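Asker: Summarising the annotation, TrEMBL assigns transmembrane segment to 12-32, 44-66, 138-158, 178-197, 209-230, 242-266, 273-293, 299-316.
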Amino acid sequence: MVLSSPHSSRLKYLSLGVLVLQTTSLVLTMRYSRTLKEDGPRYLASSAVVSAEVLKIFACTLLVFIENNFSVQLLKEEIVNKPVETMKLAIPAVIYTLQNNLLYVALSNLDAATYQVTYQLKILTTALFSVSMLGKRLGFYQWLSLLFLMAGVTLVQWPTESEGDSEQKILSASSQFVGLMAVLMACVSSGFAGVYFEKILKETKQSVWVRNIQLGLFGFVFGFVGMIVYDGQKVRQSGMFQGYNTITCTVVALQALGGLVIAVVIKYADNILKGFATSLSIIVSTLISYFLLEDFNPTGVFFLGAVLVIAATFLYSSERKPASSSAIKV
């Protein structure tokens, strides 16, 4: 199936645009929520992951009901009566759950610049998994664009000496190592799970919202078990929703929205374009930090990185692959 109709193209770029906005908002609010000092216990990352999965399930279920005149027959046929198809989502669900928890660990142990730069390794892992699992063929200029993108994002997020020194005084060597390992594991898991989910979506005619319900159900189970195992004592002492406030609820909502937007993106585009959208969102968030939050001073290195990222985006999109190599049989 080749998604080349004007309607599919509009959906592709619209979903990418929404993903940029969602990722930008999530980065800013999540980082703020993990550094905000307040009285009482901080909210549990594992609880936030579970809450986001529940919200995503409710949203997808509502969308399925709307599309099917509020009939539950489709959900019964696709989820209950097709256990084998449903079980296919267990693998990406457990990996996504692990990845979401790892990102909270990373943001709690690394400064924003180091986290954002290192996390862009997921673009490369996604490309490698796309080639090995989906049989995609990237041309020379597309591989070159990936290198440009990595260099550009690194330059955009390159910390200044003063920022680096101040962060190093706060963060210990052990926490730096924990944060780095969390980001690296999240990059590998993000690439594999994203491509695996893309393969499932593009090899079936099943609704993307039904697939997200299946994914969310497994994600809720794995996330809840993880919360009980690692934070069970804290949950028993102060409850699952300890430390929740407006910012926390916003982070949970943005995480749930991100899962829906990403599902649309990999249905009508692909995971590598999703990586470019995420990288562009980092530039947007940096600009917002400068013009609105006034906590960032752009340098020549920043502008050079921005140019490289924009050039990489156009370079990747400009090369057209033959239909035989880009088509996916369903």
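Glycine too: its Cβ is placed from the backbone N, Cα and C atoms.
Quick one: where do these features end up spatially?
Answerer: Panel annotation: around the transmembrane segment (44-66), residues 72, 74-75, 97, 100-101, 104-105, 108, 207, 209-210, 212-213, 216-217, 219-220, 223-224, 226-227, 230-231, 234-235, 240-243, 248, 251-253, 255-256, 259-260 of the same chain, lying at least six beyond its termini, place a Cβ under 8 Å from a Cβ of the stretch.
For the transmembrane segment (209-230), the list of distant contacts is 44, 46-47, 49-50, 53-54, 56-57, 60-61, 63-64, 67, 74-75, 78-79, 85-86, 89-90, 92-94, 96-97, 100-101, 197, 200-201, 240, 259-260, 263: same-chain residues at least six beyond its ends, Cβ to Cβ under 8 Å.
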